[in-house]
Each structure stands twice: as structure tokens, then as C-alpha cells.
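Working notes for the structure below.
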Ligand SMILES: O=C(CO)COP(=O)(O)O
């Protein structure tokens with residue numbers, strides 16, 4: 001938690017979900033309408049195929065929906081890609097950029113991620129910009145250097161607390177059930193805050209820095225209580241409304 005920053009609990013459904021999964025989104029919306037919105041903001045990023053229907057479902061609820069990636073350009077001959085403008089048109093308020101699964105599987109560079117964040121702003125939506133070290137980088141002791149490099153390379157200097165959310169996701173913690181210790185998370189988030197301050201000045205103090213990687217109901221209170229952790233980016237546990245709501249409920253006891 002950071003005093004003065006309202007937390008955000010975000011779900012990344014990745015390549016999971018068909019129309020049948022929208023019942024989980026309805027249940028998530030009900031949970032937030034029944035009072036959880038007092039504790040935290042909520043965002044669900046379903047696959048692009050479900051985005052418009054998801055946006056309808058959450059339209060009169062506190063829950064927002066977002067995309068999982070966007071092309072840097074507004075339109076053009078880019079078969080299979082989706083622009084930030086298209087996401088916004090489908091009802092998205094946010095888009096995840098630079099997720100490690102895209103950095104790894106699609107060779108995305110820091111400069112490419114920065115262009116996608118700027119594309120999100122151009123479309124009028126907020127970028128959820130992911131950074132994080134691999135297992136090998138952590139074992140080499142270079143975690144903080146990697147985070148510095150990713151921030152310098154992929155966070156545009158015009159980033160504000162309004163148009164950008166940072167998500168720290170250690171690659172080795174994603175989908176593995178492994179998490180860093182609370183002390184390691186505290187160190188990484190304090191470092192990210194300091195680097196953002198170098199880049200953005202006073203604005204950095206207001207920016208949300210989410211933690212992602214094997215967040216589940218059983219570890220949510222411990223991870224979300226850490227200083228400078230302003231919410232979570234949840235993968236697997238966001239697919240089940242009960243788990244996602246239980247993670248958000250952690251804020252009732254923090
Ligand atoms: O990659 C993630 C969210 O973007 C985290 O995924 P898991 O919560 O499944 O580890």
C-alpha cells in the first residue's frame with residue numbers, strides 16, 4: 001500500500017475464456033457492486049474476442065475492462081493485430097503492454113513496449129505496463145538493474161498516474177505458484193518507485209505499482225500489504241470470481 005494511492009486489482013485472463021466464462025465476470029461485478037468497490041478499483045482484461053460483451057456486462061458497475069495487448073499503430077495492414085483505438089471502441093479503459101509472455105514469445109523490445117504505451121494514450125486509454133526479471137537474471141543478482149533498464153527503455157517520460165500503471169511481474173513467479181518474499185517485493189517496488197521518480201519527478205509518488213505473479217487468496221494479504229504495492233495483476237486466479245473477489249477482499253484486512 002502507498003498512503004494516498006487507491007489500489008487496483010486487475011485480472012489478466014490471457015488466452016482463456018469463451019462466452020461461457022462471462023458468468024464469472026458477472027459474479028465479479030456483483031461482488032464489487034455489493035461494497036468491494038469501497039476498498040479497491042477493479043479491472044478485468046479478457047481475450048479480445050470477449051471484450052465488447054464484457055464491456056456491456058460491467059457497464060453500470062464499478063468494474064472496468066481492458067485489452068491484453070495492442071499494436072502501436074492506429075490501423076493498417078497488420079493481420080491479426082488489434083489497435084488501442086479498437087480496444088477503446090470495444091469498451092476498454094486500459095490495455096496491458098509489455099507482458100513478459102509477449103516480450104518472450106513475440107520478441108517485444110522495450111522501445112516497442114514504449115510505443116504501445118503511447119498508442120494507448122493516443123486512443124485515450126490507460127497503459128498497464130509490465131516489467132520484471134527472469135529466473136536467470138534474479139539468480140545473477142541483476143534484478144534491480146533489469147528493472148532500471150526496462151523502466152528507462154519502456155516507460156515514456158510523459159507517463160502520469162492517470163495514463164499509466166506499472167506492473168512488476170517477476171517472470172519466474174508467473175503461473176508457477178512461486179512468489180518472491182515480502183522483503184524481495186518491497187525491495188523491487190521501492191526501486192521501481194525511485195526509478196520512476198528519476199524519470200517522472202513528483203508524479204512518480206502517485207503512480208500505481210502493481211505486483212503480479214502467482215497472486216492468490218492465500219497470499220494476497222501478505223503481498224498487498226507490502227509498501228509501494230498498490231494492487232495486483234492476477235492471472236490464473238482471476239478466472240474464478242470467488243478467487244478474484246477473495247484477493248480484492250484482502251484490502252478489508254490491510
Ligand atoms: O502474468 C500474470 C498476470 O499478468 C500472472 O499470472 P499468474 O497469476 O497466473 O501467475
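Positions of Cβ are set from backbone N, Cα and C atoms, glycine also.
Note: TrEMBL annotation is automatic and uncurated.
Positions annotated as substrate binding site by TrEMBL: 12, 13, 14, 175, 214, 235, 236. The Cβ of residue 214 (substrate binding site) lies under 8 Å from the Cβ of 173, 174, 175, 176, 177, 178, 179, 236, each on the same chain and at least six residues away in sequence.
Per TrEMBL, the feature active site, electrophile maps to 99. When secondary structure is read from DSSP and collapsed to three states, residue 99 (active site, electrophile) falls in the coil class.
According to DSSP, residue 169 (active site, proton acceptor) is assigned to coil rather than to any helix or strand. What TrEMBL lists as active site, proton acceptor is 169.
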The record names 12, 13, 14, 175, 214, 235, 236 as the residues that bind substrate; what is their largest Cα to Cα distance in Å?
14
Write down the Cα-Cα distance for residue 99 (active site, electrophile) and residue 12 (substrate binding site), rounded and given in Å.
10
With the Cβ atom as the reference point and anything under 6 Å counting, tell me which of the binding-site residues (14, 214, 236) are near ligand 1.
214, 236
Please tell me which one of the recorded positions listed here (13, 14, 99, 235) sits closest to residue 169 (active site, proton acceptor), measuring Cα to Cα?
99
C-alpha spacing of residue 14 (substrate binding site) relative to residue 99 (active site, electrophile), in angstrom:
10
Using the Cβ centroid of 12, 13, 14, 175, 214, 235, 236 as the reference point for the substrate site, which residues of the same chain not in that list have Cβ within 8 Å?
16, 174, 234, 237, 238, 239
